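Just below is one structure, and these are the notes that go with it.
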């Protein structure tokens, strides 16, 4: 009978507790405690205190860099004496460019990070869904059918909103068609987006070959992403759209953390994976449509910003990654314009340089299998 009441032992030979649970070793107990011996409430967004401290140092440095480049763009090269009325008038005119950079950085960073999370792929961007191809097709068709005057006609507020609606409608149509029903598949949706983008690109190329040299020259200036493409009349509509979509993504950040763990984990913890995916993709569509219609296509900018954000943040918590991504986007844009304007005096090639750097980073990530 004595053998019946012998204590149960775990694989290490330690006796189990009276309740039958296997006793933990002192090392396991120490790992379950936080600083000062207090029990851990949760794992938290950072692995340790040094990672948290590093995050705040990075965030502070980005804020200082963003402020420095913003002040540089406002003050450097201003021919009027500092503090004079003329100085402030010129600075006021330059503020519009800074606001456009902020909107573009906010849209591209937020949209790309959220898109990569719901697609569970860190090497693709929302541009894969054909936003930029549709923008190019609209601009090219306007010049093809209406001549040079077509570009001017697309620069009013109504046409800006029309382009935004067209891009959002295209994406929502894809999401509703390919992500609902019994055979919903994310990979098929991405593939269809690539095919539609390629088809629109082919149509645009065909029409461009039939343009006169003067028409093609005017069109080319619109097809490169540039802050000068934006008009101040767009901002009262673009800013509210970006803020609403961005705030909704931020509010949904905790669910994005769960979505990033995979479909099975989402279902196990009670999150409707399909509904949350479609909801997030619609918000991404709004952000990308506003950014593309505002400044033009920038294929690798969002990828560059998102990759750097994950590298510098040191965490996958979206509440921490999103602010870092937005700040990096603004620093990249403002810094590039400041350097190219006041060091190399080549403002027109800013977007080309950003795309070149972004494309190079993309190739590095591909060759290193997802690591920068």
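All residue numbers here begin at 1 and follow the chain in the order shown.
Here the Cβ of each residue, glycine as well, is placed from N, Cα and C on the backbone.
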Which range is it, out of 8-28, 29-49, 134-154, that shows up in TrEMBL as transmembrane segment?
134-154
Under 8 Å, at least three CB pairs between the transmembrane segment (160-179) and the transmembrane segment (321-339) (pairs 6 or more apart)?
no
Using a Cβ cut-off under 8 Å, which residues of the same chain at least 6 positions beyond either end of the transmembrane segment (55-75) come close to it?
46, 82, 91, 94-95, 97-98, 312-315, 320, 323-324, 327-328, 330-331, 334-335, 337-338, 341-342
Sequence-remote partners of the transmembrane segment (134-154) [C-beta within less than 8 Å, at least six residues beyond its ends]:
160, 163, 166-167, 170, 197, 200-201, 203-204, 207-208, 210-211, 214-215, 218-219, 222-223, 292-293, 296-297
Quickly jot the same-chain residues contacting the transmembrane segment (95-114) by Cβ under 8 Å, restricted to those at least six beyond its ends, or write none.
70, 73-74, 125-126, 227, 230, 232, 235, 238-239, 242, 245-246, 249, 256, 280, 283-284, 287-288, 290-291, 294-295, 298, 301-303, 305-306, 309, 318, 321-322, 325-330, 332-334, 337
